[in-house]
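**Student:** Structure in structure tokens, see below.
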Amino acid sequence: MRLPCAAARLLPPPRRAGAALPPRRAAARAAEQLENKTKGKLQKQICQVVLDHFEKQYTKELGDTWTSVRDVLTYPLCWQYAVLLNKFSQSAELEDTLRVKGYHPAFQGPLPYLPASLACYIRRTPERLPAQKHQAGKLKEYYLLNAASLLPVLALEVKDGEDVLDLCAAPGGKSVAILQCAYPGQFHCNEYDDLRSRWLKQTIESFIPDPLINLIMVSKLDGRQIGDLKPELYDKVLVDAPCSNDRSWLFSSDIQQATLRLIQRKELSSLQFQLLSFFFEG
């Protein structure tokens, strides 16, 4: 059936198979695909035992502020909502996609330390992109994290050539962020827990190219002893001490495990103090 000429002029020309979409349409389509992947993956069941414990503890400690904190803890879209781009695997299409979805740079205005190579995006309404899967030999384009996680990295102000220790490095987000900012002379990433250490190694392999990855040392030492084993060896030390990880345990599917964790978390303050004390004694 042939359309009248006037009607034919109103229809868009047929797109050839394999033809590329215009940049804006391609970015919009990529944004829609990312959103569809995210939907349905963040539906989690709250562990009532943990929530009841938090209600009692944090109502006392935080007062009225606990209400807003609870809203964030119980809303997975608010978790790891920032997108840290990997300068070793840059993608102009990804940045276009983020802009289409309403993302903007997380840090704006004058800051004492903000390398141009550190690119992190957030949006006014929190939304979490799907995490990229680890593929051997292929670098990921972005790392998902909470934007506040970058503040210790910026406070450290790492410069090229400095020797740096990331004491409790897993899962590796801050290590990756440090390498977006500068090229340390020696970079030591330590994680005492065996499972988390393997996670750390995988993160580094996913974001750092071979020439640079060979300069990174990954160890499984007890962080409380590194101060004695390697005194005066580092220019900068980042200590992201083990925390209670309230957010994850709030959605634990194992009530017994969650209850045990609530008991164990009381011991964390002592461990945190011990980790710090080794770098301030003497």
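The backbone N, Cα and C atoms fix where each Cβ goes, and this holds for glycine too.
Heads up, TrEMBL stuff is auto-annotated, nobody curated it.
Got these off TrEMBL a minute ago, pasting:
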BINDING   C168, A169, A170, P171, G172, G173, K174, E191, D222, D240  S-adenosyl-L-methionine binding site
DOMAIN    73-282  domain 'SAM-dependent MTase RsmB/NOP-type'
**Student:** Looking at the binding-site residues C168, A170, which one has the fewest other Cβ atoms within 10 Å of its own Cβ?
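**Tutor:** Counting other Cβ atoms within 10 Å of each of the binding-site residues C168, A170, the minimum falls on C168.
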**Student:** Would you mind listing, in sequence order, the residues at least six apart from K174 (S-adenosyl-L-methionine binding site) in the same chain with a Cβ closer than 8 Å to its Cβ?
**Tutor:** S149, L150, P152, V153, D166, L238, D240
**Student:** Check the binding-site residues G172, D222 for other C-beta atoms within 10 angstroms of each C-beta and report the one with the most.
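**Tutor:** Checking each of G172, D222, the winner is G172.
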**Student:** Which value in Å gives the longest Cα to Cα span across the S-adenosyl-L-methionine site residues C168, A169, A170, P171, G172, G173, K174, E191, D222, D240 as recorded?
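**Tutor:** Largest Cα to Cα distance for the S-adenosyl-L-methionine-binding set is 20 Å.
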